[in-house]
Amino acid sequence: MDARQVQVDEKGEASVARDVEYGVHHISPDKDAAAALVGEHAHAIDPVLEARVVRKIDLFLIPAMLVGYGLVYYDKAGSATLLGLSKDLALSVTDNSTRPPTVDTTRLSWATSIFYFGMLAGLYPMTFALQRFNLGRILGGVVIVWGAVCMSTAGVTNFRGLYAQRFFLGFVESIIPTGFMCIISGWYTQKDQAIRQAWWFSGTGWFTIIGSGISYGFGEISSGSLKRWQYLYLLAGSLTIIFGMWCFAVPNSPVSAWFLSPEQRIVAVERLRKGQTGVRCQTIKGSQIREAFFDVKVWLIALMMCSAYTINGAVSGFGPLIVSTFGWTPLDSILLQFPLGGITTIFILVCGYLSARIPNIRIILLVLCCLPVIAGMAMIWKSTWSYHAAAPVVGYSIIGFFGPVVSLIITVGMANVAGATKKSVMAGTIFVAYCVGNIIGPQLIKSKTKAQHYPALWTGLIICYCITIASSITLYFVLKRENTRRDALQLSEEDRDRHAFDDLTDKQNPYFRYAL
């Protein structure tokens with residue numbers, strides 16, 4: 001290791017890390033920032049020191065990211081519909097001219113879908129801003145705006161105002177999922193990514209439980225100058241602003257990680273060499289964008305995410321409302337979100353752990369987790385919706401397996417691309433598909449078919465999960481075939497080390513291996 005790699009300045013930071021951060025001179029802007037820190041040749045790493053470095057990175061990133069994504073999920077607040085939001089903003093319209101009277105929830109469906117139109121509009125601008133500029137400043141500033149927009153929900157007085165507010169909320173929130181995916185892919189090896197992606201995504205399950213408990217508490221409020229649902233959004237926005245303050249402390253990459261010593265930064269970067277996925281390059285490359293556009297696996301991942309996440313649009317916006325249809329009170333319906341959240345959390349983490357321990361099992365687990373989702377939807381649809389019916393509640397709980405399905409799609413997608421710009425495109429594409437699925441889901445709920453148990457909803461969702469399974473199997477064989485072809489090549493280990501941080505894409509780099 002040469003002297004410039006370990007020279008320390010007055011502030012105790014590695015000079016090379018400082019220079020890379022401000023783009024001074026050690027490295028071409030077209031290369032990965034890591035190249036200046038560790039050079040072209042591999043260096044031995046002390047396993048004890050490596051474990052200590054990974055632990056420090058985990059403690060800094062993972063708990064905060066879990067909370068951050070939990071807040072993304074929490075401020076959808078499907079429970080708010082049972083706390084008076086739907087009635088106060090006229091999101092449900094009762095037609096008393098029919099016998100019995102019918103309830104039209106079209107406005108509620110659009111209030112759910114419009115959020116994702118906003119997220120769709122923000123995804124690619126936010127993704128490329130994160131790559132091009134200082135990550136912490138962009139992330140922190142936008143998250144604080146997100147918190148303010150969330151709090152503004154309490155001031156909405158009609159459904160039209162809610163539509164506008166939800167669009168802008170989606171726009172600013174779009175920075176979180178893509179940002180988190182790129183952070184994990186730039187700080188961890190392919191093997192490590194599975195459980196770390198699972199941890200932050202498990203915020204959906206944790207905050208289904210935590211959020212339902214908080215909503216239940218707000219549901220007990222019987223006095224005060226605000227509506228019960230207004231308190232919910234004021235709390236969510238306040239917590240988001242606090243999270244935004246943490247975001248300002250996030251470094252651009254391990255190269256400039258202020259919470260690691262100079263020696264630890266070198267270890268944090270060097271350990272990523274073998275995976276050939278790179279760390280961070282702030283130059284946006286058109287060639288990588290074009291490659292991603294014509295890459296079949298990008299399209300397969302997008303199809304998998306879109307079809308798998310249609311269920312979330314229905315569950316997050318309508319879940320408590322659907323459960324109340326089974327003869328439970330609004331507050332009981334909120335509490336019955338606990339089993340769904342528990343299953344989501346536990347199996348996201350179990351699948352992440354197994355993926356990190358057992359090679360080439362990710363897509364197999366993904367397909368297996370689709371099966372209980374399909375079974376749960378069939379149980380809800382075909383069981384009797386009597387007073388306090390148990391069967392549809394059980395079915396509703398086990399559709400929580402959609403959480404590990406989506407977590408594994410994210411893991412498979414982000415672990416199987418290299419090149420900073422291409423990773424940004426993949427992250428954006430995954431969540432464009434996420435948005436499309438969430439837009440479609442609420443539109444499948446036709447309130448007039450409630451007596452028939454919403455057949456269009458369950459038929460549509462079951463078809464979507466069959467598409468997810470078929471796409472996953474196709475992707476498995478595409479990746480396996482390419483790995484087999486690359487394994488047959490006669491390649492130099494020295495060249496592997498030299499090109500690890502050249503910001504090559506997975507297609508350009510013959511040393512890259514796809515994770516199944």
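Positions of Cβ are set from backbone N, Cα and C atoms, glycine also.
The transmembrane segment annotation in TrEMBL covers 57-74 (among others).
Residues of the same chain lying 6 or more positions beyond the ends of the transmembrane segment (108-126) and with a Cβ under 8 Å from any Cβ of it are 76, 81, 86, 91-92, 142, 159, 162-163, 166-175, 178-179, 313, 316-318, 428, 431-432, 434-436, 438-439, 441-443, 445. For 108-126 (among others), the entry in TrEMBL reads transmembrane segment.
Counting same-chain residues at least six beyond the ends of the transmembrane segment (138-156), those with a Cβ under 8 angstroms from any Cβ of the stretch are 68, 75, 89, 126, 129-130, 162, 165, 168-169, 172-173, 175-176, 179, 226, 230-231, 233-234, 236-250. According to TrEMBL, the feature transmembrane segment maps to 138-156 (among others).
Within its own chain, the transmembrane segment (168-188) has Cβ neighbours under 8 Å at 57, 61, 65, 68-69, 72, 75, 114-123, 126-127, 129-131, 135, 138-139, 142-143, 145-146, 149-150, 153, 196-197, 200, 250, 253-254, 268, 272, 277-280, 410, 414-415, 420, 423-424, 427-428, 430-431, 434-435, counting only residues six or more beyond its boundaries. Summarising the annotation, TrEMBL assigns transmembrane segment to 168-188 (among others).
The feature transmembrane segment is assigned by TrEMBL to 200-219 (among others).
For 231-250 (among others), the entry in TrEMBL reads transmembrane segment. If you look at the transmembrane segment (231-250), the same-chain residues 6 or more away from its ends with a CB under 8 A from one of its CBs are 61, 64, 67-68, 71, 74-75, 77, 79-80, 83, 135-137, 139-144, 146-154, 183, 214-215, 218, 221, 224, 258.
What TrEMBL lists as transmembrane segment is 298-322 (among others).
Residues or ranges marked as transmembrane segment in TrEMBL: 334-356 (among others).
The transmembrane segment annotation in TrEMBL covers 363-381 (among others).
Proximity of distant same-chain residues to the transmembrane segment (393-418), defined by a Cβ-Cβ separation under 8 Å and at least 6 residues beyond the stretch ends, is recorded for 181-182, 184-185, 190, 193-194, 197-198, 201-202, 204-205, 276-278, 292, 295, 297-298, 301, 304-305, 308-309, 311-312, 315, 319, 322-323, 326, 336, 339-345, 347-348, 350-352, 355, 362-363, 365-366, 369-370, 372-373, 375-380, 383, 426-427, 430, 434, 468, 475, 479, 504-506, 509, 512, 514-515. According to TrEMBL, the transmembrane segment annotation covers 393-418 (among others).
Feature annotation from TrEMBL assigns transmembrane segment to 425-445 (among others).
The transmembrane segment annotation in TrEMBL covers 457-479 (among others).
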Contacting positions for the transmembrane segment (334-356) when only residues 6+ beyond its ends and CB under 8 Å are counted: 79, 82, 191-192, 194-199, 201-202, 204-209, 211-213, 215-216, 219, 315, 319-320, 323, 328, 362, 365, 369, 393, 396-404, 407-408, 411
